[in-house]
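Visitor: Below is the structure I would like to discuss, written out as structure tokens.
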Amino acid sequence: MTSLDEPSQDWPACTLSYRHFHLLWTLPVCGVLLVIARPFLTKLDRAKLILLPIIAFVWTTPWDNLIVRNRAWSYHRHCIWFTIGYVPIEEYFYFIIQSLISTLWCTLITRWTLPNLYLTPSTPARRPLAPFAVATCVVCFVLGLQASVPATHTYYFGMISWWSSMPLALLLWGSIDFVRNMGVGAGFIPFAISVLGPTLYLWSSDIYALRRGTWHINQATSLNIFPIPDLPIEEMLFFLVTNVILVSACFTFDRCVAICRLSAPDHQPPLSPSYLPLGSLATYTKLWAAFVRSDRSSLPTSCASASVEPQDLSASLQVLRAASKSFNAASLLLPWDLRTDLGCLYAFCRVADDLVDDHAQELQAKAKNLDVVRDIVDAVYADSIVDRKQHLSTPIGERLRILLASAALSDKIKQDTRAAATSIAPLTQYIPKRLWYEMLQGYSADLRFQHQDARQRTRLQSMDDLVEYSQCVAGVVGEMCIRVILGRCGSTVPLDLEVDRKIALRASKTIEQSINVKPLDLNRTADVHTLLYEARRMGVSLQLVNIARDVVPDSVELRRCYLPADMFDKEEDDGMYEALLKGRVALPRHASKLVHGAEEQGVVRPQDVRKYALRLLEISQRLYDESYPSLRQIPNRPARAGLKAACSVYAAIGKRIQAQTEDEISSGRRARMSNLDRILRAISAVYFDV
């Protein structure tokens, strides 16, 4: 431990010790950021939070000791605890805490973007920025070395210049063109906010500490330029460049992992925010190979992930944004790799549903569209239409373009369908084709509500029939989502593992108690089956909420009734089931037509149907309460956060149905949640698990 110089008369008196400075300024904000970010931290984020502080500590320690040794800054003895070398122990903590603050802040700012959308090779006409950035850093390095002469006014400035230029040259070479490819909204603005947020905060804390004598900048080794009162330009530069280094490192990590995810062989789990084994040497070799890869290089076309072009991913996710604002908002809480996968999965489900259930088309046209969707699934899985070898040699996008060329669809629908179908191609290694066929059975059931042959019409007679239908259109989606999440986390579920489709309400809290007491071991097939089974139950639960909300609109607009016939009270409401199937609901806007048409006898009121919707909600709530604890078993914290928020927000629609006013009930309006209610429900689910 080295003794410190005695303070001169020019130093301000120390009224704030270094450790109290940490307690007042750095630790609280670090703690707050950690609490906010913790539910969303991926394995990639954790890698940043581990590696970047370590690298910063190793790189800064000798430089900082040299700075203090040459008296560029100094400390009062009684304001520090002790020194290691020439530097107070609190200063070493500062290296780590600042790295954590900046990395956490950058994570919160940039987590909303999808880096895999911006890996398109740069065109020759677009000059790369990396050589210019590296050349600038080299010049700063040379000038900094020349200026860093001890006991001169340029010393501190020069030391910062050469010390920061080396890591900046390396990191900007690996990230600056990637940031430019992301554009202004997704790249430069988040980059700037990520840098300026911590920088402005640390400038403020530095002024506070300097005014209270926590540390002192030597005027003999400073330029003595103060752009902000009491804050030397060297201190401003130090915090600015260190945050640029940290943010550049974060963007570089994102770029490297995005490349690794898209270029991994199909038989290996790709590196991603959800799968990043830091204990494996192969991880670092793959990251380095991605780092040195030129932005002008194309990704290998042999990989299923790389066969999906970024513009198709973008178009698919745009379909999701237009089709389901609720799911799109909830998906923002997922890590970007799972947001891509599950977003594309849901987008294809919506595209397929729109194709099959287009209200403007006749039944025969809808049936043909159902066959088109089935052919699309076959093409994605390379099983039919043409020889398998030809399938594998033809890009999936081209295959689908040929398939859709003869379909009687508009160009816009063809484009959206091809983009959505192309984007699910990487998921074929996790999702068995039979699950898509199961979903198509549900779509077929929707079509048969209006079948000309009465014997083939869809009629849900019992609760078992309703559960079977809900399994096809929602339970299967729950299983798909869990299969994708587990696969992306490195625990691929066998494609031949079939899940029990029978839904049974159990004794209160039985499932919650069993899951809480005995965590699932996802290396055991039986426990994987349990998780998939509960995912299906959750899907059925949410589908029942959807049915309860839309009883009247489904009847009036689609001539459908998803409430099972045996749910209706035979004595009180005989004929209500058939009335709903025929759309004979007395709504204010067209009730007079029904009366004057002499059909008043068979007309039902929304108030009369409501009790059956509430009964369905009771069943849905029990299923939800039993299956919700299973979400805690998902081996991915941010995936848990996103799915809990999505399920909680959707299930809360049931509460909104129960709280509808008499006017809303009689008018047959759908129950809707405000954006504020959605946000509050999501926060409660993510942070308080309720």
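Cβ from N, Cα, C; glycine included.
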Visitor: Looking at 183-203, 645-665, I want to know which stretch Swiss-Prot calls transmembrane segment.
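Guide: Checking Swiss-Prot against the ranges 183-203, 645-665, the transmembrane segment one is 183-203.
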Visitor: Are there residues at least 6 beyond the ends of the transmembrane segment (92-114) whose Cβ is under 8 Å from a Cβ of it, and what are they?
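Guide: Here the qualifying positions are 22, 26-27, 29-30, 33-34, 36-37, 40-41, 45, 48-49, 52-53, 56-57, 60-61, 64, 84, 182, 186, 190, 193-194, 197-198, 201-202, 242-243, 246-247, 250-251, 254, 313, 317, 332, 335-336, 339-340.
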Visitor: Spell out yes or no: are there three or more C-beta pairs under 8 angstroms between the transmembrane segment (48-68) and the transmembrane segment (231-251), with each pair 6 or more apart in sequence?
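Guide: The transmembrane segment (231-251) and the transmembrane segment (48-68): touching, yes.
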Visitor: Going along the chain, which residues at least six beyond the ends of the transmembrane segment (183-203) come within the CB cut-off of under 8 Å?
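Guide: Sequence-distant neighbours of the transmembrane segment (183-203): 29, 98, 101-102, 105-106, 109-110, 113, 118, 228, 231, 235-236, 239-240, 243-244, 247, 250-251.
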Visitor: For the region 'Phytoene synthase' (262-686), what's the model's average pLDDT?
Guide: 86
